[in-house]
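According to Swiss-Prot:
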BINDING   Gly31, Pro32, Thr33, Gly34, Ser35, Gly36, Lys37, Thr38  ATP binding site
Amino acid sequence: MIKNQYINSDESVFNDAKALFNLNKNILLKGPTGSGKTKLAETLSAAVNTPMHQVNCSVDLDAESLLGFKTIKTNEQGQQEIVFIDGPVIKAMREGHILYIDEINMAKPETLPILNGVLDYRRQLTNPFTGEVIKAAPGFNVIAAINEGYVGTLPMNEALKNRFVVIQVDYIDGDILKDVIKQQSQLQDDAIIEQIIKFNEDLRTMSKQGQISEEAASIRALIDLSDLITVMPIERAIKRTIIDKLEDEREQQAIKNAIELNF
């Protein structure tokens, strides 16, 4: 068993992702923040025994962040020379590894067309910094993740989206969520786990209604909360892992109200 693997009662999510990987299809994981998209990519990487190189997208992402950069290095003869340091895209291509592009719709649209040749049948790239044409080694594949409707995201270009096959990754719940908490956190007390799962369900409802951000109701936040509960009171653990991350006082108060109802 893969340690801290992605778990979902809908086995088709992982099985389809693995099938798409074996078909050398680009995979786009779409779902709310903290639903386990990165964990799914990591589990797939381990299952197919292929290392993964990650790009974390933001509005500041540029070609150097993707491809690499030039720098000055002293060679064995003591002379300085200009060398190119491969970035995550080129590393993954050369080694036949997985390229994971997280929050791809956080990047500026004008940054991503440089990957068009990487994402289509050519699987190749002309490095604009060196002129080298890089052809991906066998085994290379691309997985991207998208948080639709999240603050700071941009609509994904249709031409780019059409280069992927989409898998929806929703939040998990019930017994599966209980198993994930036990597997990925220090908390093992069933009664407390059921309490915080109910609390998390309330947060998800509030998130869907626009009262709080998605991140506050994420699986990631729940795992952090589960760990902290083993060393401090529940209310303080919630404050540290969820409330103190929020800037909006109305969101903070909404969660405090949920605490009073659940604990």
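Including glycine, each Cβ sits where the backbone N, Cα and C put it.
Predicted, not measured: the structure shown is a model, and the values here were computed from it.
Recorded features from Swiss-Prot, shown on the structure.
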{"residue": "Gly31", "record": "ATP binding site", "contacts (Cβ under 8 Å, 6+ apart)": "Lys37, Asn147, Gln168, Val169, Asp170, Tyr171"}
{"residue": "Gly34", "record": "ATP binding site", "contacts (Cβ under 8 Å, 6+ apart)": "Tyr171, Glu214, Glu215, Ala217, Ser218, Ile219, Arg220, Ala221"}
{"residue": "Ser35", "record": "ATP binding site", "contacts (Cβ under 8 Å, 6+ apart)": "Val169, Asp170, Tyr171, Ile172, Ser218, Ile219"}
{"residue": "Gly36", "record": "ATP binding site", "contacts (Cβ under 8 Å, 6+ apart)": "Tyr6, Asn8, Val169, Ile172, Ile219"}
{"residue": "Thr38", "record": "ATP binding site", "contacts (Cβ under 8 Å, 6+ apart)": "Tyr100, Asp102, Ala145"}
Applying the rule Cβ within 8 Å of the centroid of the Cβ atoms of Gly31, Pro32, Thr33, Gly34, Ser35, Gly36, Lys37, Thr38, what extra residues of the same chain belong around the ATP site? Leu29, Ala145, Asn147, Val169, Tyr171, Ser218, Ile219, Arg220
On a count of neighbouring CB atoms within 10 A, which of the binding-site residues Pro32, Thr33, Lys37 is highest? Lys37
